[in-house]
């Protein structure tokens, strides 16, 4: 045996020259052609990561380099096996754990794989295969070789594995086979409703070397009933060691990865590792340029994989180096994932790994993607049950992390070590933010005092009408007294109460056009005269400015609501678009991420501009407004929770009290608590005598509280109401973190009211009064002219801070898990820029351009209806799941809920438009 190993080393001797060609690895037809052409010419191929891959060029003795063109689609290649012990290919490992390892694969190794594949899958020259994995890896390249050997054709998709493309090609009769790894099949399982009778046309499927459950294999058999479905187990240095004919087997054998074919052998070592022997095994490795045996003296390759054998079938138990040694108990992350998938019926979106733990040696890490069908609590609950059966104290043994995208190899295998590294880097990461504040002298907020009318005295019918409107507004707004010279906006009316007030005014017999005057900022006295005198009363210039400010606020709120909705649905949208659009998704990350923080800031702007002045004048005036908004939000949160619970219950999820309480958590929960906090915030700002400066400082302090004391609570396990409370203060929509944006928005809104009052006093808005002008601070009136500059400086500062903290890559991360301090600064600056831009360049155009006015008015209506729109869009997915659980197909259920959302939103927008803007 020793002499055979020496012979093998001689045959694999590294030689530089024209006999060794480096080929840049690409998922391309040209790559396959170049490699097979080199094989036919008797050349050795070294796979390169890039054209200037100096390390592999040096280690592999490469002198000639080929960089294949990117080419995709159909290809038929004439190629036959070469039965020679000469080295055909050198495939390197990544080299992330020490020196890179070059696997010396002979022609005989490659030929043995093709011969056994043909025997197992019984393919013929009619095969037309969709290869869903990279062809520069062992699995994909093997499919190209075997299809070419039997005289068939293969298809390389330009944008990788795509269930929609597979369904389309099947429907058109263009493919009858495809190959993919289990993780990709789990993506396909989420879209099984795409497939109809065309699924019966599929004749061959090969599944790559990853764990796949019995249930998943049964589902695959059911979906493609006429296909020969084969799964293999193997490594780069021992490709396709075992085969499992899924279409012929049933029961627990489907949990295995099959048995041997040909001269292949396997066994389990004393340490529980899988050992492999056969003609397909690469006998030699190249490490640091030197050749070293890959097998022992008896020809066995000892792998790092754990396994067991039952009735000649091999059962894969996971990689030995992935095992989690938790307090002396060895836990397989694959087995743990298997149990979680089985109990929660969740296919993708999570992974288990290990992390260092001072108490136990190693702890279990559960990583979850945002789109995972199971919540983090559900994943942890099942993991705790499994650990308890292993006599592991689950408390403190499980760590969790939310991650945008699980790190995977090109063939779809999760890279657990990268997850461990990611957790270690982020668990203790400290975020910081800087804020600058400008002192602002406290001034009396704008707004007339009741009973101090400067307009002609009301009498007769106009007085009676004014009294009716005043009484009605008092009832709607919950205010004890309303002066005739006050407008609905002055009193803090919001979108919901405005619609209610308008409808009730119509019932009093007030014409629709007069009702619209309420939303244009006209006072009760003006509305009463207009109603009784049948002539329009002009709006003061100062009121016009207020109207423009409110329109600007609504317009920006509308844009941000649309951004939130599109961001939440972007995954499903891009998933259904052609693959070329998928690449664009990352470029939208800053826009998608703008919705949540941007809307929080605009919420602060709105309450600072409209509510705070009312509170300063008379705190009782906003009591009913706060109650109304809180009741609406509370009702919406409850309705959403009921839908979530129903969908989970009908879907077969075992409900716990924690599941029940967590159903009430969403971003609306923050706005509910924030609304109830308004009185406390406003009282503090009023007492401070410098509300703008204090609001800016409070935003900074709030974020520091979140970083220092709230964010660490994410990893603390809790149940029931305690867990709900923890989510509200520490999770993605943390009360303290979101308040950062709200406080800064309030500072902007309050400062804007001071500027408008100052402008009115100086006569810049038409209220010219020399007596007032002498005491007015011109800087207060004119700071709005520097709004764009301030916004730009905030954006520049945020970009610089992101680089200082080494977080530049987070600009392009979506979904984002939280809002960093520098991001708050960026979005605050963006709001200032947008506000000034809309004020100067958009709103003036509405006076002379009908289509601009229409677009602005519609978006403003969406902003007017921000919370109802957001609530309606949040209900789409739970209702879709509920309908699907009742028997409807997922596509039909989604179509119904989307149509309902569009219809309800359309009706509300049209109603709002008619009340506010139509002539």
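Heads up, residue numbers simply count up from 1 along the chain you see.
Heads up, the Cβ atoms here are built off N, Cα and C, so glycines get one too.
Note that TrEMBL annotation is computational and uncurated.
Ranges compared are 400-427, 428-455, 456-483, 484-511, and TrEMBL records region 'Disordered' for 428-455. Among the ranges 568-590, 591-613, the one that TrEMBL lists as transmembrane segment is 591-613. Looking just at the domain 'Carrier' (460-535), the mean pLDDT is 72.
Here the transmembrane segment (783-804) has Cβ contacts under 8 Å with residues 433-434, 751-752, 755, 810-811, 820-823, 825-826, 828-833, 835-837 of the same chain, all six or more residues outside its ends.
Touching of the transmembrane segment (824-842) and the transmembrane segment (591-613) is concluded from the presence of at least three CB pairs under 8 A, sequence neighbours closer than 6 excluded.
Tallying C-beta pairs under 8 angstroms between the transmembrane segment (854-872) and each of 591-613, 734-755, 892-913 places 892-913 first. The highest tally of CB pairs under 8 A with the transmembrane segment (663-685), across 625-651, 692-714, 734-755, is held by 625-651. Counting Cβ pairs under 8 Å that are 6 or more residues apart, the transmembrane segment (591-613) and the transmembrane segment (734-755) reach 3 or more and are in contact. The transmembrane segment (692-714) makes no contact with the transmembrane segment (625-651): fewer than 3 of their CB pairs lie within 8 A, with pairs spaced 6 or more apart in sequence.
With a threshold of 8 Å between CB atoms, the same-chain residues lying at least 6 positions outside the transmembrane segment (734-755) that come near it are 433, 435, 440, 443, 445-446, 549, 596-597, 600-610, 612-613, 670, 673-674, 681, 685, 691-693, 695-696, 698-700, 702-703, 705-706, 710-711, 728, 780-784, 818-819, 821, 824, 827-828, 831-832, 835.
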